[in-house]
Amino acid sequence: MWKDIRDREAGKLRPNSFANRVKSDRVSSLQLSNHKDIVSPHRGSVNSLQVDLTEGRYLLSGASDASAAVFDIQRASHSEGLIAKYQCLFAVDKQHEHGHKYAISSAIWYPIDTGLFVTGSYDHHINVWDTNTTQVVVNFKLPGKVYRTAMSSLATSHMLIAAGTEDVQVRLCDISSGAFSHTLSGHRDGVMSVEWSASSEWVLITGGCDGAIRFWDIRRAGCFRVLDQSQSQLGRRPPISGWTANKLSTSKSHLASQGSNMKSRILHKKLANGNATKPSSTTGKLPAKGSTRQRLHPGLLSSQDRAVSHYGAVTGLKVTGDGMYLLSAGSDSRLKLWDVESGCNTLVNYETVRLHTNKPLQLATSQDSALVFAPCMTNIKAFDMWTGKASLTLSGHYEAVNCCLYSFQDQELYTGGNDRQILVWSPSRDSTELWTRRIGNPVQTKITGATDCPHRQGRSVSTLMPSIKLCPPCT
């Protein structure tokens with residue numbers, strides 16, 4: 001790390017590369033936090049976690065005891081020794097006048113601000129809550145248990161909540177009108193996971209208990225793509241270079257010139273014969289056949305409509321930050337990585353894992369999408385996105401883990417499980433302190449521990465790095 005800092009000061013390392021290396025080092029050193037503890041008010045398994053997208057400060061959780069809670073993860077409630085305790089700002093449960101009666105399976109923030117949050121429950125209801133008054137402002141009644149809800153972070157033209165339920169149809173709930181705006185039909189069994197695209201506000205991705213992953217454009221009827229595990233491509237799709245772009249433009253111009261030559265030939269033939277000549281049978285059939293293929297909807301073709309992505313239910317979906325790839329988890333205990341543009345399986349062989357088979361899972365990725373965090377029974381495993389190797393195994397929960405959430409702002413991992421606990425996984429404290437000192441943030445830290453400098457042990461010092469010299473044991 002010190003070598004990277006020296007290279008950065010000397011101008012040998014670009015700022016983006018330096019920041020990426022620091023983030024990678026912090027992620028690779030994740031461990032159970034010994035200075036941050038979230039006091040869970042839940043009396044049931046924690047099923048859903050999300051940090052608001054606007055400030056990155058408030059953590060929302062939903063549990064199987066029909067309760068939802070909000071935490072301020074930037075300001076501790078109190079401290080016990082060196083451990084900062086974070087208690088919930090408020091919680092709503094079944095004792096609330098309009099609270100859920102059964103387990104909350106999904107809890108998400110309204111993507112624009114923290115004034116609203118949405119909860120979906122096994123009591124067939126979706127509630128939209130006002131954060132300030134803790135009252136339900138909109139309620140939706142669905143025909144079955146709600147497994148998962150999602151809202152698009154890119155949306156500027158709609159306020160739709162996508163709901164996956166035990167019913168075969170996916171429903172889109174409009175907050176502004178309080179009614180269902182769309183009903184998407186295509187799955188043959190319940191829908192356990194829903195995810196909006198990270199590149200388009202109109203594209204929705206759903207995973208069903210029938211093993212199918214479907215892509216929907218909510219502006220048109222029917223799904224436009226069904227992922228097939230038999231269609232594959234090896235590894236990452238190569239980026240479009242300048243040479244490739246020039247080659248494509250050259251080929252397009254060549255085709256255009258061929259088309260203009262063909263038109264001139266037909267026109268010359270018409271003038272020579274004195275009347276319009278009928279094109280040949282092959283020339284007339286090919287465009288019709290091609291146009292017919294274009295008109296056929298992939299979601300309506302019987303061969304593609306029967307395609308499956310997993311041998312079992314699709315229990316989790318996660319789109320990478322750039323929107324180019326999709327991660328899926330199934331009840332067949334398999335993780336798969338899909339190319340969104342081509343719809344192909346990239347054949348990344350993730351190490352054998354044990355996943356839940358009867359409930360939805362919440363996957364997470366690091367900020368640069370280099371690591372994938374997946375709940376594997378009582379552990380959390382971090383897989384390399386492109387090699388599939390498990391680089392980290394985090395153990396701390398006593399029972400099965402249901403959800404993972406990586407906070408980009410704090411660079412911490414939050415997990416919830418059947419043991420009713422919300423655990424925080426932070427980078428190594430030593431590396432964090434050294435990094436803070438070198439950056440020069442004027443915060444006060446207390447140097448303690450067996451590896452501290454004996455000349456400063458137990459003292460509170462300013463961490464302005466240029467004025468601090470560490471002896472060899474401290475480095």
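A Cβ is built for glycine as well, from the same backbone N, Cα and C atoms used for every other residue.
The structure displayed is predicted, hence computed values, not measured ones.
Looking at 271-296, 427-452, the stretch flagged in TrEMBL as region 'Disordered' turns out to be 271-296. Sequence-distant neighbours of the repeat 'WD' (394-426) (same chain, 6+ residues past either end, Cβ-Cβ under 8 Å): 23, 26-27, 30-33, 35-38, 40, 42-51, 56-57, 59, 61, 63, 73, 356, 359, 361-367, 373-382, 432.
On the 0 to 100 pLDDT scale, the repeat 'WD' (307-348) averages 92 in this prediction.
Across the repeat 'WD' (97-139), DSSP helix (H, G, I), strand (E, B) and coil residues number 0 helix, 23 strand, 20 coil.
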